[in-house]
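> Quick one: this structure, given as structure tokens, is what I'll be asking you about.
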Amino acid sequence: CIGDFVWVDSGGGVPIGAQVKVTPTGQLQLIDDEGKEHKINKKTEGTIRPMHPTSVEGVDDMIRLGDLNEAGLLRNLLVRHKEGIIYTYTGSILVAVNPYQLLPLYTTEHVHMYTDRRLGELPPHVFAIADGCFFNMRRNKKNQCCVISGESGAGKTENTKLMLQFLAAVSGQHSWIEQQILEANPILEAFGNAKTIRNDNSSRFGKYIDINFTKGGAIEGARVEQYLLEKSRVCRQAPQERNYHIFYYMLMGMSAEQKKILSLGSAAEYYYLTMGNCTSCEGRDDVKEYAHFRSALKILMFTENDSWEISKLLAAILHLGNVKFEGEDGCTNCRQREAELTVCVPSSQVAPKELEKCLTQRSFMTARESVTKALTSDQAVDGRDAFVKAIYGKLFLWVVDKINAAIYKKSEDSEEVQQSIGLLDIFGFENFSKNSFEQLCINFANEQLQQFFVKHVFKLEQDEYARENIVWKHIDYQDNQRTLDVLASKPMNMLALIDEESNFPKGTDTTMLQKMNTVHGKGGIYIPPKNNYETEFGIQHFAGVVNYDSKGFLEKNRDTLSADLIQLVESSSNKLLKLQATDGKKRVPTLTGQFRQSLDSLMKTLTACQPYFIRCIKPNDFKKPMLFDRELCIRQLRYSGMMETIRIRKAGYPVRYTFEEFLQRYRVLLKTYICDPKIKCCESICESVLTEEEDWKTGKTKIFLKDCHDTMLEVERMKELNAKALLIQKVMRGYKYRKQFLRKRAGALVIQKYWRGHKGRKLYRLHGFARLQAQVRSRQLHFQYKKKREAAIVLQAQIRGHLARKQWKRKRDAVILLQAYTRGLLARKMRRAVSSEEQRAILEKQRHLEEVLRQKRELENKANAESITDQEMVDSVFGFLPAIVVGGQEGQAPVGFEQRMITEEIDIDDISMDEELPQDDFDDLDEYSFSKFASMYFQGAASPTHIRQRLQQPLLYHEDAADVLASLTVWWIILRFMGDLPEPKRDTAQNPKVYTVPEKNQGRKGSTFTDLLSRNKRGSTVQEVPRSASSFRKPSIIMEEVRCEKHLDLVMNGEGPSLDRPLTSLEKLHIIVGYAIVRRDLRDEIYCQICKQLQDNSNRNSYFRGWILLSLCLGIFPPSERFIKYLQSFIRFAPGGYASYCAERLKRTGLNGVRGEPPAWLELQATKTKKPMIVSVTLMDGRTINLPVDSGSTSREICQILSNKIKLNDTFGFSLYVALYEKVWALGSGREHVMDAISQCEQEVKRKGGQEQHAPWRLFFRKEVFTPWHDSKEDKISTELIYKQIIHGLKFGEYQCQKLAAKHLYIQHGSGSSPEHVKEVVQECINTSGQKADTVKAEMVDYAREKWPMFFSRFFEVVKLSGPALSKNKFIVAINWTGITFLDEREKRLVELSFPEVTGVNTIREGKASGQAVSLLTLKGDFTLAGNTAEDMAELVTMFLSGLTERSRYAVTLKESDRQDDPTFLSFKKGELIIIIKDDEFSQKHGWIKGESVRTKKVGAIPADDIVILATLSKPTTEVMVGRIQRRTLLRTNIIQANQKGTVERVALATLKEFSLQYFRKGLTGTRLWVNSREPIRQPLLQKLVRLFLLDSCVPILKYMGDYPAKQMQSPLELTDQIFGPATKHEALRDEIYCQIMKQMTSNNNRLSMEQGWQLLWLCCGLFPPSQSLLRHTQRFLESRRREALSADCLQRLQSSLRMEPRKLPPHQVEVDAIQQNSTQILHKIHFPNDTEEIFEVMTSTRIKDLTLNIARKLGLTTADGFSIFVKTHDKVLSLNETDYFFDSLRQITDWSKKANRIKDVNVPYLVFFMRKLWFNVIPGRDTEADLIFHYPQELPKYLRGYHVCTKEELINIAAQLFRIKVGNDKSQIVTIPKILKELVPADQLKAMSENEWKKTVTASYNKQGAMSVDEAKVAFLKAVYRWPTFGCAFFEVKQTSELNFPDIVRIAISKQGVTIIHPKTKDVLATHPFNRIASWCSGSTYFHMTIGSLVKGNKFLCETSLGYKMDDLITSYVNLFLRERKAGQTKNQRFDM
């Protein structure tokens, strides 16, 4: 039919397509594809065949062709070529036809289009193959390779570069390494590519680029392998061909100065460049290419010196080529171009004569000597050319090595297998008119690649199908194995023969040819020459017969230089030239051997990869577009084996899965949940999806599919996944709405029920019988009600009356209080109701009244002051007070404690108390008036002012009736003290039992007065124990609390010591204070009573008496917290100096607590002067120190003051002693009040009939007790005092020792003293050989300490409550440095305990009745002791035990440990003595101690739980060791039993026991792998990891938890890195980490270890979740431990990690620091551009975007778009990716910074900033907060640096605005304008006007702006800048080398418009590149590179800058922004199962 397409015979063997058309005459004719006409006749009708529809318009995949023949393939390519479609699939093989023109197929849009797409989804493209490689590499975790083959000129190199460009783009990192890999091509092409007849950029070498990828798919490096560079091209080229590009680049692009240095000219001047009569190449700009070449060298880290050395070597090659030789009679010399020989010398850096000699002569070594032979001219030329080829070849290898050094990065993780994609770009099959050795090697390589292709496509297919029992049609194919056998495989193969002949010195090309004829002449593959004279032979290749000329084979194969040239090269100073001589000392393999070795390595690499193939087709030999040579193309198709490929792909199954893989991916398509066996499941899926007609097969282990099946399955899989997702959504929504429905229905039912009931009851009531029933029932109920009501009324009347009477008083009090508040409220309302004028009048009247009253009071006070002073008032109250005295110096001192002559004083200003007084805040005391307190808390109608009547009830409410009675009594005494009531007129003689003190049997318990200890004045030879002076205990003058109530009753009834008699003021004071000390609840009452009597008291005498009383009380007892503020407020208004005096006493009393005794006479004396008291303290060295004290001073404060005064360092054991008469007792050095002791001394004197003020008490400072570790040599002052104390004791009979006396004589008088007997004694006792006095003193102190431990003891009177039987239950406990001793009243020792025998001491609080009690646990039994000072005793014992334990070097083991496998640990047996070694090698804090076994003498680490450290400094006895072991064993048994009893009620803690049974490896019998162990495990816990991973995390976990001794302390961050680092990289390790942490937390009794374990688990839960199999057990583990502080937070973090992507890096330092401080809240400081900062909470799972939104929300920004987080280190400011986790980003930056700067410190300083990054949709004034915080501070520096173009008027206006921002509206600052001009005007515009002109114009503009605020001025500045096109740009000053028309230094501006290049001086725009025109970009350490245009022929722009990373990041961010906007609403098809 007309218009049909048919096949017609073309006469060339391959039919051609033609279309049936009609001629003008009406006849049918055929017009073929080439436009030729064919007539249709009977002769041609038989050759015409119809064409399949698929061949008419062509198909994307030639497998789908119906005409599966050569004609169909050829026409398909032809049709698509005419349409400009150059790519076609053949299954997964890509056929690429060279278009010889630039097509718009390689833009960034195409890159995005083909990214993440399956092969076949889009039209064929080289990007699709590259994406397929990338996709399969990531999905299958297998290396990929792509073999790009074809003839020279077919486009292999360009397709290789396109593959590289795509992989770099899809990697998405824009990293410098990507650009380095891309820029390697220009360098390799410059040195290895040349113009040939067939190709303007022909690769004259082969290369294999292996690109390495990270696990995440980013390029991290590459490696280039080169094969068989055509070195002969350097010396000769065919007609119309050029030498290598680099020579022409250099000559055209090098500057004239450089060319002059190298003596270079044009290309036409050099012989090596003109042999092909072609020095230029159409379409190539050598100048521009040279610039690109130079840029590439910089990018690949070639230095300037490297570039210059390359240029010198290339120049030397060119000059050597111009050297010509002529020979006469066998003599060769240089002719004509001697200059060329001279100019090449500087370049090659060799001696000229030596170079000439080596080129014209050759040396040989004979048996005896070296012989020199002259070369012929031909030989000289050949030698020179060989020399040049060798130089160029070595140079090329050096360049490749330099490139590899720059781009090849070994993986830091040696265990991680790198994924890679290899690209093979190798020379195509060559068949020229004259083929030489190079063509043989090239074609041999192509034979190998064809064999690889054949094996992959044919052999492997057939073998695979045969193994799987797949029945298919066998296809014969063309196998080239026989050719490979002849060339290289069989013995005596051709290449082996060539090598063999090359090794013979006399071997020639002729002998080689003869051998090949003999061996291979009859095989059919090798075609020998026709006769013996021909040098050509042929080989039957897979692509046809190729004839080779054997001439020069051996010379080329040997590839060696003469020894002369090698020596010449070695003598050169050119390092590149010296490379030629590196292999001169050893035998160099032949070129064939090298090539075969490289090729074998290549084939092994390709075999290990999954291959892709690109078959490049050259459409014509003329390099013209739209020209298709059918004969040339069909020949290439045959060479490539494409026909066989089509057929086998058509019949075969290219897609195959194992059943497991198939089910893993397509299990969702199975219609049933039962899946056994797997083969049936796979078949079921295929039958349901692919239908029965489809051609798919199942084998033994795999399922075989077509390409289309894979696509169909993928489509169905996505549909099914979507359906399942919808199903889940449907069910969840159904559940949700059903739940809501059920709740609503239940509510409706309730409403219906009640409504129906209401309605039924309503209807029911309408009937009559209902009313009748109601009447009857009402009568019955009424009768019953009346009876009950009558009874209830009687009962109610009684109860109500009782309750009413009971509550009346309480209600009345409440009503009164309410009335008071109501009246106050009404008064305030009335006051507010008064008009303002009336208020002013009232206020004026009130002020006048107050002024009159103030003047009146002043007059009265003045009059009173004239009559009596404060001191006189005190004297009048206590009329017999003495003059000012120093306490402790009255009367006769006790014997032995007389006053010394040396007296020192301590100034009060020099005193520094240990505890500083709290600083009170007096600002708010005005609110705490006493009247306010009275109105709130006073009972009844009590007023806060002075009265003279006795109270009927206390001022404050008291629950205790005794307190009520005591309050009234105290009120009565206060009135009498202040003179407001007269004294009773009763005769004291009538009642001889006046009030002094209670009887002895009424003695107050718990007195703070320490027991008196009597001193034995008589000497004794036997050590005596100080007698307990309990009989001398002085009774307190305070009434006993227990008997207080009874005593008060007696007093009030007149039966006891009556108060109704005249009392002295001191007696009254003692009564008032005594009540306050005994009864805590009376203290506020007493203060309120005193304050009430002082408020509005007009009686001066009473007023001053009240303040005296208040001041004394303030020094004795403090008020409650409720009243203290009111009391402080009241004290402020005290008269005279009482305000500060009372305030200070109140502070001191509040600090040191309530006193135990009433005030002493010294305190009364101090009241007169209102100054501290002075007391005298005597030291044992004879000094007496006077120091100030107050009522609150404690013995600890006095001891501290004295220690500071005498510079005493060893203060422990020194105490304050009180001596009275013959009694001495210790006050200790604690919180005992000194004035209490003095008060009791005064009372004791009074009891004996003396006067209190003359009491002869003395205070002493002396040593009371030694520590067990006391060292007399540490503190000389301490030793001196103790020594003096010992001498004092010897002198007065306290100690007795003749030897000590002798030592004392020696110290005092020396060995030369007389009389003679003293001298003899001294010499007998003292070794006088040079000892110093200090040393002897120390010996005396040590002797006394050891001799008389009981005299240096602290005594405690106790009662035994329980424990082993003793002869006495009440005894004294003496504690000294030797131990604890129980003594009875006769000093008999009941029990003696050393400190190692004491296992523990506990304080027992028994309550008020029994007081303090202590449990003393010892090896001799457990004692429970009670006493007033039991807590002090326990504290002292505890201190001694802890100190001894800390200093002890002895321990005993509790169990046996055998750790021979680890030398770190010490092996020991139970009960063994260990010597502790304290060298801090192991951390005792974490439970490890370094020790030495006494038995084995070995040293190692010991767990602290396995030993007991003995509290001793000497070696313990065996009894003590055995006893401690038995004691610990018994204790553990009791604990276990107690726990077993308690486990019934407690919930069992979850463990991993159940999980371990299924997943853990099998341990030794009895081993519980899930339980805590301090022994490191050697293998993973999980069975699946046993042989896969080495265990590196166990020991770090143990170290972090303190369960393993660490010799060198590692930082917590280092340990967490070791623990979590591998798990963040390998998902399989995550469960192992969880298991190991939970294992160590199971049955772990170490508190510190558990705390650290919870920290690790907290970190782990935030990093990544466990697998589903472990998740349930982990949750149970946490839920069963909810009492732990971190348990709930761990559960929350675990749930969060399940919803989010796992972290990529271990925890950051901030996270580790936070959890180590037990803080689960992590706060981080964020800085802003306006120099402000805020604190934000950042969680482990916080992403950058989340933090950005949080910051924007907190700052009140309208949007967070365009803002970003930046991290500033010491040298960079980096922007963070918004999708990354915050702490992952910080960790990555800090790690990079440490690595880059080689910082070993764990902490790297950094700052986090929040700034605007992208300036789009920014309109000043729209978001004021953003303008002020971000836009203004970010834009101002750009303006001042002069980056913008602006007019003069704009400059002036903006300068005025900036001036206003600086000074506001302060016009006085206008004069400062010239000084701050740099802050107002851009730097480049400062000289546009003079300073005065600037000042004048700016001032005028400033005045025009009016009253503008600073914020408004900032916004106005932004609005002015906004009008310029450079607003929001980021500017960078860079140095560029790419564009010759641009200046060297340019300014790059990056904004939303794109990248703009600006002239830095003129500010002219040189170029603008929108982002859609930028094909690629990247940055290095000092460079930035971008490509503008397409990926193939784009313009490259390279610049030098250290800020390239910022430019890279900005461009990437803007591009991503525009891509997101363009793809808004589109969903991306995810192809990876991540």
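Residue numbering: from 1, along the chain as shown.
Any Cβ shown, glycine's included, is placed from N, Cα and C.
This is the feature table in TrEMBL:
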type    : residues                                                       : note
BINDING : GLY150, GLU151, SER152, GLY153, ALA154, GLY155, LYS156, THR157 : ATP binding site
COILED  : 826-869                                                        : coiled coil
DOMAIN  : 57-718                                                         : domain 'Myosin motor'
DOMAIN  : 946-1168                                                       : domain 'MyTH4'
DOMAIN  : 1446-1512                                                      : domain 'SH3'
DOMAIN  : 1572-1716                                                      : domain 'MyTH4'
DOMAIN  : 1722-2022                                                      : domain 'FERM'
DOMAIN  : 1946-1975                                                      : domain 'PID'
REGION  : 599-621                                                        : region 'Actin-binding'
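Walk me through where these features lie, including what they touch and how far apart they are.
With a 10 A radius on its CB, GLY155 (ATP binding site) counts 25 other CB atoms from all the protein chains.
According to DSSP, the secondary structure content of the domain 'SH3' (1446-1512) in residues is 8 helix, 25 strand, 34 coil.
Counting residues per DSSP class in helix, strand and coil order gives 3 helix, 18 strand, 9 coil for the domain 'PID' (1946-1975).
Same-chain residues lying 6+ beyond the ends of the region 'Actin-binding' (599-621) with a Cβ under 8 Å from its Cβ atoms: 77, 81, 90, 92-100, 126, 129, 132-133, 136, 140, 142-156, 159, 197-198, 208, 210, 225, 227, 422, 424, 428, 444-445, 448, 452-453, 456, 627-629, 632-633, 636-637, 640, 642.
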> Kindly say whether the domain 'FERM' (1722-2022) and the domain 'SH3' (1446-1512) touch, using the definition of 3 or more Cβ pairs under 8 Å where each pair is 6 or more positions apart.
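The answer is no, given that the two segments have fewer than 3 Cβ pairs within the 8 Å cut-off.
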> Minimum Cβ neighbour count within 10 Å among the binding-site residues GLY150, GLY153: which residue?
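Minimum Cβ neighbour count within 10 Å, taken over the binding-site residues GLY150, GLY153, occurs at GLY153.
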> Same-chain residues six or more away whose CB lies under 8 A from the CB of ALA154 (ATP binding site)?
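Listed in sequence order: ALA96, ASN98, GLY428, CYS616, ILE617, LYS618, GLN636.
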> Could you give me three numbers for the region 'Actin-binding' (599-621), the DSSP helix, strand and coil residue counts?
9 helix, 8 strand, 6 coil
> What does the DSSP secondary structure composition of the domain 'MyTH4' (1572-1716) look like, as residue counts for helix, strand and coil?
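When I sort the residues of the domain 'MyTH4' (1572-1716) into the three classes, I find 89 helix, 1 strand, 55 coil.
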> Around the ATP site formed by GLY150, GLU151, SER152, GLY153, ALA154, GLY155, LYS156, THR157, which additional residues qualify by having Cβ within 8 Å of the site's Cβ center?
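Neighbours within 8 Å of the Cβ centroid, excluding GLY150, GLU151, SER152, GLY153, ALA154, GLY155, LYS156, THR157: ASN98, ASN199, SER202, GLY428, CYS616, LYS618.
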> Over all shown protein chains, what is the count of other CB atoms within 10 A of the CB belonging to THR157 (ATP binding site)?
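A count of 23.
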> Using a 10 Å cut-off on Cβ-Cβ distances across all protein chains shown, tell me which of the binding-site residues (GLU151, SER152, LYS156) has the largest neighbour count.
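That would be LYS156, with the highest Cβ count within 10 Å.
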